[in-house]
Amino acid sequence: MRLPSSIFVSVSLFTAETTAALYLSSTYRSAGDQIWQGLTLLFTLVPSVLVQLTLTFIHRDLGRDRPLVLLLHILQLGPIVRCLEAFCIYGSVGRVEEPYVSITRKKQIPRGGQSEEVERQVGQAEGKLFTHRAAFVRSSVIQAFLGSAPQLTLQLYICALQQGVSIGRGTLMVISLLSIVYGALRCNILAIKIKYDDYEVDVRPVAYMCIFLWRSFEIASRVVVLVLFSSVLQLWILPVVLLNFIVFFFYPWILFWLSHSPFPENIEKTLTRVGTTIVLCLLTFLYAGINMFCWSAVQVKLCDPDLINKSQNWYRMAVYYVLRFVENASLLLLWFMYKTEVYNFICAPLLVLLLLLAYGIAIFFMLVFYQFCHPCRRLFSSSMTQGLWTCSSLLCLSCNSASPQNRPTGKSPCPPTRKEPANDGAQDTSSDTTDDMPNETTYDMLNDTVCDSPNKVSNSICVGINGDINHSVSCNA
């Protein structure tokens, strides 16, 4: 059993950022800056409350007799208690023989064209530890993009206005940036485990390093661009932010409406239709917050029973990064045109070039990760470069077909282009299995439940949200 180090990192970042924010708000109060104090406390307490609610909801503490734990959550000390509980479970493993264990089967990533299944015994303690890890992954993502990202943007904006960085503000900005990058990293790993949940996924250190560099350059450059633009055009930053947020918030709902699928009712049995709607709105709200600063590895799909799109759409990713690069360049151009004398001490053209280069470096590390470091790249139906090349070919074909004056009348000015099949031109997806076998394994994002479909002969492990493990065997009728 692995050491719950990810839980320790999540709690450490949460505690450090909260402490630094409270200290910085006290300095704002001493200086008489009540607006900055209020906004700093707002971006600290609101995500903290959401983290407490997330941990309570996943562990189902409202339906259990644990008044002390609920009291600690009200006091915003829930993550610390959960961390201590997880390490106590880890320390008790092996001391007492568990009366109940389950056997789970995971496929190995095929190396020579064949995939072997590996059996492993899973006890109740390991199942509870798995639930703790899953809860902290989600809380880290919430803390990162609903708390740390706005906090970093606010403090950097204050630095631009005051033309100085204090020790407290600089410390909070560094911790917030690390929290955002860590949340994005956990989001990437979560997406991989959801899409390939029936495989034994082993993420190597070089993959973690690629994701860390990719997300660091992407998020840092994005935040700096937003701060520079807002420092010279304060009123125009609101339409930019609202447009981005509204587009990504309603995008999953529009796809759900176009699919004509029934309203999802399997999120939680105790929730009413109103409660389910609130949960879905919070999920799309978080999805919009992630895409505001970086590409969300977990794509929301409301018409899917698991609410997650398990296909790898290279076309959507390429369109996102192209549009985001154009948007960043446009915002930097407007900042360069309307910059004030505050920025006379820096070389503005060099800063613009460095920010665009930083975003290009982020895209480079993303390509390296998907092409060489992705743990399940052997299961892709097409590689990253092939997918992006197909996307660019489709864009060129659509542009040529949309322009009647560009259609050749005699000799073609360019070599003929081979047309792709219609079903492959819409999107490039990654298969979750090999040898053209459909992957029908489902993964519940909220309940952390892994179950196989009835048409496969396999042993499956179903881990409930409260850590209980059920062993089931399904046979082909």
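Please read every residue number as a count from 1 along the shown chain.
Cβ from N, Cα, C; glycine included.
Feature annotation from TrEMBL assigns transmembrane segment to 36-58 (among others).
Here TrEMBL flags 166-185 (among others) as transmembrane segment.
Look at TrEMBL and you will find 206-229 (among others) tagged as transmembrane segment.
Taken from TrEMBL, the feature transmembrane segment covers 235-258 (among others). Nonlocal intrachain contacts for the transmembrane segment (235-258), taken as residues 6+ away from its ends with a CB within less than 8 angstroms of a stretch CB, comprise 226, 229, 284-285, 287-289, 291-292, 300-303, 331, 334.
Per TrEMBL, the feature transmembrane segment maps to 278-298 (among others).
Summarising the annotation, TrEMBL assigns transmembrane segment to 318-338 (among others).
Remote same-chain residues near the transmembrane segment (350-372) are listed as 207, 210-211, 213-218, 220-222, 224-225, 295, 321, 324-325, 328-329, 332-333, 336, 383-385 (criterion: CB distance under 8 Å, separation of at least six residues from the stretch ends). Sequence annotations record features per position, and here TrEMBL assigns transmembrane segment to 350-372 (among others).
The region 'Disordered' annotation in TrEMBL covers 403-439.
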Tertiary contacts of the transmembrane segment (278-298), defined by C-beta under 8 angstroms and 6+ residue spacing from its ends, are 141-142, 145-146, 149, 180, 184, 187-188, 190-192, 194, 215, 218-219, 222-223, 241, 244-250, 252-253, 264, 267-268, 271, 307-308, 317, 320-321, 324, 366, 445-446
When you scan the chain for residues with a C-beta under 8 Å from the transmembrane segment (318-338), skipping those not six or more beyond its ends, what do you find? 221-222, 225-226, 228-229, 231-233, 236, 240, 291, 295, 348-349, 352, 355-356, 359-360, 363, 366, 387-388, 391-392
For the transmembrane segment (166-185), could you work out the same-chain residues 6 or more beyond its ends whose Cβ comes under 8 Å from its Cβ atoms? 9-10, 13-14, 16-17, 20-21, 23-24, 27, 140-145, 147-149, 151-152, 155-156, 158-159, 208, 211-212, 215-216, 219-220, 290, 293-294, 297
Cβ under 8 Å, sequence separation of at least 6 from the ends of the transmembrane segment (36-58): give me the contacting residues as numbers and ranges. 14, 17-18, 21-22, 24-25, 28-29, 70, 73-74, 76, 78-79, 82, 131, 134-136, 138-139, 142-143, 146-148, 150-151, 154-155, 158, 446, 448, 465
